[in-house]
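The annotation domain 'AB hydrolase-1' is assigned in TrEMBL to B:37-353. Per TrEMBL, the feature active site, nucleophile maps to B:Ser141. If you look up TrEMBL, you'll see B:Arg211, B:Asp349 marked as substrate binding site. Per TrEMBL, the feature active site maps to B:Asp315, B:His348.
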There are 2 protein chains.
Amino acid sequence: MSYARLEEGLTLECGSVLAPLDVAYRTYGQLSAARDNAILVCHALTGDQFLAEQHPVTGKPGWWSRMVGPGLPIDTDRFFVICTNVLGGCMGSTGPRSLQENGEPWGTDFPPITIRDMVRAQALLLNHLGIGRLFAAIGGSMGGMQVLQWVATYPERVFAAMPIATSPFHSAQNIAFNEVSRQAISADPEWHNGRYWDYGAVPARGLGVARMMAHITYLSEEALTRKFGRRVRRDPAIKGDTALEPASLFGEMFEVESYLRHQGSSFVRRFDANSYLTITRAMDYFDLSAEYDGDISAPFLGCKTRFCVVSFSSDWLFPTSQSRLLARALNRAGVNVSFVEIDSDRGHDAFLLDEPDFDRTMRGFINGAAEHAGLGKAG
Amino acid sequence: MSYARLEEGLTLECGSVLAPLDVAYRTYGQLSAARDNAILVCHALTGDQFLAEQHPVTGKPGWWSRMVGPGLPIDTDRFFVICTNVLGGCMGSTGPRSLQENGEPWGTDFPPITIRDMVRAQALLLNHLGIGRLFAAIGGSMGGMQVLQWVATYPERVFAAMPIATSPFHSAQNIAFNEVSRQAISADPEWHNGRYWDYGAVPARGLGVARMMAHITYLSEEALTRKFGRRVRRDPAIKGDTALEPASLFGEMFEVESYLRHQGSSFVRRFDANSYLTITRAMDYFDLSAEYDGDISAPFLGCKTRFCVVSFSSDWLFPTSQSRLLARALNRAGVNVSFVEIDSDRGHDAFLLDEPDFDRTMRGFINGAAEHAGLGKAG
């Protein structure tokens, strides 16, 4: 696993210091001689750095394999694409699973982090790689929060930015869902106040419940209805639920239930519960306007970065209204911004799925920005 | 606590027999000499029969005290209002907490029930009370499902029906949320496979998580934002979450989190976990069209009941689209139906809250129906 150990470490917003700091990352394509073709892709809550290659734990394709690769909208024949595991994650970057100086894992003693801390860790990695300026920062959901924070913190270091299916602040509803997730995890006795490793345990049920709930919020009602509707399936696991023969509905379960259970149980094999707690908190803290009296424009005044803000029509977790708010704020700040709402009935997850209009938007924005950056046209 | 013990019992849809059957209920107002002024109000998932009086456990006003009473839209000076605890509930009607013949509580051995079973238990109570025909059946959410099932099963026994914030079938998304609730409860080790009474335990954490999640779905994003936004409060309980002084955001919690925790913990004091499992299953099974090849009109063909279908614009749990589907199906069946979408930004919970337009709709529908029923005008 590629990672950089940054001995100087990082002083977090909360005042704690993480030193040394590990940033795990993967790259795709070649850095140009001018070092001007780097694209940073930022992952979402449960994503990781395995963007465009087989995942070492699940064996599945990278989470954005359909978007990133030779000839694809984020074209690795042309760009040098970097993806880091976020600070606080569990795939190699410093996080709750990392060891403290005393040799113990951090667990819940891991200090609270923010989206800005995540971005500053990425900036340290770019320094380490000798990349001063990104051609583009791109990401969806929590990845989009990082993109926004990148431009707010380092406006000179990002030529183009695409925040996708995201928001300039985490909403009360989303904070509420995250809080229920955290309660589900901490309610699991196998969580052992976050020291589950001491007991050879994993809070699998609690983390599974958290994932199941979150998964509903990633889909639209339409998508759930189309995928599952009210169809039932016979499942041996549910037979014991009733004293009846499975001759009727009562012996069966709905397909959507079976699907969610699978989502919950497969997730816990690859994700750390304390990372989930840490990262959801970071999302909840996110509010770009907090230091500016609620003015979302303020962090972007005078900024030269070219923006393309993307939302999906059926996304109710990060609804179009929040992207529109962002686009208007960028406009008010005099920033070069385009705003695209992709018509899709697949909810928040649409940004990960095959959406041809989205691919065209991505290609168009990257090609246009590359031309303005003097990188020339695609070959 | 008023209840009727019905010795003949009830044969459930699943084939099991519950005998004797207890139906706990409360009444308000006086039954007319002609026995023609009865209104059955059906409660939602976590409601009970304490409709318009102080609740014996919580000490709070009845759940619809603002709607039901002398001079109120459901006027007890004029109508005899009945509210039963649903079959499967935990406030006196036969349910998982009731004792079997062997003296043990049913627990998870309680047979699976349906909305139709709930309605048939209510019909037995009405027989017992000597009420052949209801002037009206009224209810919101799962209460609305009961209203629909009443008309479908006993079309001659309901003169007027108002299904509120409900649907003719439970959607995939709502089944999914219910399934996560059930997983949260069964993941709690204090659940003990549903035999928690043997251990002097209550699966309070799991039931609390279920309630917290459900509560988010009862509100709209707008309502959550207006009520809480991103405001934080200092809470001593969270101090231990971090190693930091509470000088910054990190020592505080969001108000919405504190509110949800309170919702979760107060709920477990009044509700039984096995009842929650049983009743959510009944909601999930609900599909009026299941026996009619998906045709929602079919159960209502030739029905003389007057309908008023009500939805709320910001309700995303039982969205207006589902009420519209219902109203159209009733129309196709030639039923006398009006359909009202109340403009409100308070989500699903709006039907329980002070919404003057809703009150006017209720008054207008009841007065109009009473006139047609020959009950005369309000005094």
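A Cβ is built for glycine as well, from the same backbone N, Cα and C atoms used for every other residue.
Automatic, uncurated: that is what TrEMBL annotation is.
Distribution of TrEMBL features across the structure.
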{"residue": "B:Ser141", "record": "active site, nucleophile", "DSSP class": "coil"}
{"residue": "B:Arg211", "record": "substrate binding site", "DSSP class": "helix"}
{"residue": "B:Asp315", "record": "active site", "DSSP class": "coil"}
{"residue": "B:His348", "record": "active site", "DSSP class": "helix"}
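The candidate set comprises the recorded positions B:Asp315, B:Asp349. Of these, B:Asp315 has the most other Cβ atoms within 10 Å.
Within 10 Å of the Cβ of B:Ser141 (active site, nucleophile) there are 27 other Cβ atoms, across all protein chains. Of all the recorded positions given, namely B:Arg211, B:His348, B:Asp349, those whose Cα is no farther than the 10 Å limit from the Cα of B:Ser141 (active site, nucleophile) are B:His348, B:Asp349. Cβ neighbours within 10 Å of B:Arg211 (substrate binding site), excluding its own Cβ and spanning all shown chains: 23. Within its own chain, B:His348 (active site) has B:Ser141, B:Ala165, B:Thr217, B:Tyr218, B:Leu219, B:Ser220, B:Phe312, B:Asp315, B:Trp316, B:Leu317, B:Phe318 as residues 6 or more apart in sequence whose C-beta sits under 8 angstroms from its own. Summed and averaged per residue, pLDDT over the domain 'AB hydrolase-1' (B:37-353) gives 93.
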